[in-house]
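Per TrEMBL, region 'Disordered' is recorded for 49-145. According to TrEMBL, the feature compositional bias 'Acidic residues' maps to 84-106. Per TrEMBL, the feature compositional bias 'Polar residues' maps to 107-120. Sequence annotations record features per position, and here TrEMBL assigns compositional bias 'Pro residues' to 128-139. The domain 'SPOR' annotation in TrEMBL covers 189-259.
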Amino acid sequence: MIRLLLAMLIALNVALFLWIQYGNRTAAPTRPEQLSRPDFGQIRLVGEPDTAEEPVIETEMNAQEPVQAPQPDEGDTLQPEPESGPEPEPEPAAEVASEAEIETQPESEPQIRQESSQEQALDALSTPPEPAPEPPVQPIPTESQPEVLYCGELGPMRSRNMAEGYRRTLAAGKAEVRVETRPGKETVGYWVMIPETPDVAGAEAMLKRLVQAGFKDLWLMREGEHKNAISMGLYTQERYAQRHADNIHEKGFDPVVVPKQKKARVYWVLFSHAGANELQKIEAQKLPSNAALEKKVCDQALTDP
């Protein structure tokens, strides 16, 4: 059975080969003639003057000769050639017209410039004018205020050298300054004492209480300015006297600190027409004990020291 099928296949192949080699051959189809582009004639641009030479657009093309297909040689299989497609159609006239419009665009620029100038004119009319600048205000000349000058005195001071130092400070300006000597009192120490009692009996009773509390160096003043007072110490500086008085107060007593003074000559610094700057320098310094600065405007009377 298999041999029979093989014999039939071989016979069919031989028949097909003979038919291809010696059968009727048809002539190869010729290519159709290509279509020629249509003639649009002469195209004139929009706005182009009549006197100008119109460009000639050559749209005619020679028809191409048909290409003869080569005859196949014997022994080759005959295969039909594909038909050539038609030539691309020419661009429509609308596209040519659009190109012409593009070329004539520059002629519309004057109209655009005219419209822009009109818009600028309208903007200038609608914009309110800027107000004119106000003239500068001339400052009214004012009379310079005269400097305030002071008259006064500074003291008392125990040392003449100290008074001379303050005199030089005030004399640095236009002030008239001098040092004056006056009789007065000089502080030579500070008492820590129990104040005076109305009678001697009360003073003696207070003295016993202080002794019982453990205090020593007590002195009952029986005459003088501080009669019936009890002294509990004399100090050269006030801060030491105040510290001792605070310790006594913590034990239930009420002492006071009293300056001890004696008659002596004291020194005062008298000045007139002194400026504020010089007086500020004096006030910025630490004044001596019991000294004070008294000042008034020079047209006012000074109070008595």
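Every residue gets a Cβ built from N, Cα and C, even glycine.
Residue counts for the domain 'SPOR' (189-259) under DSSP, split into helix (H, G, I), strand (E, B) and coil, are 25 helix, 18 strand, 28 coil. Averaged across the domain 'SPOR' (189-259), pLDDT for the predicted model comes to 93.
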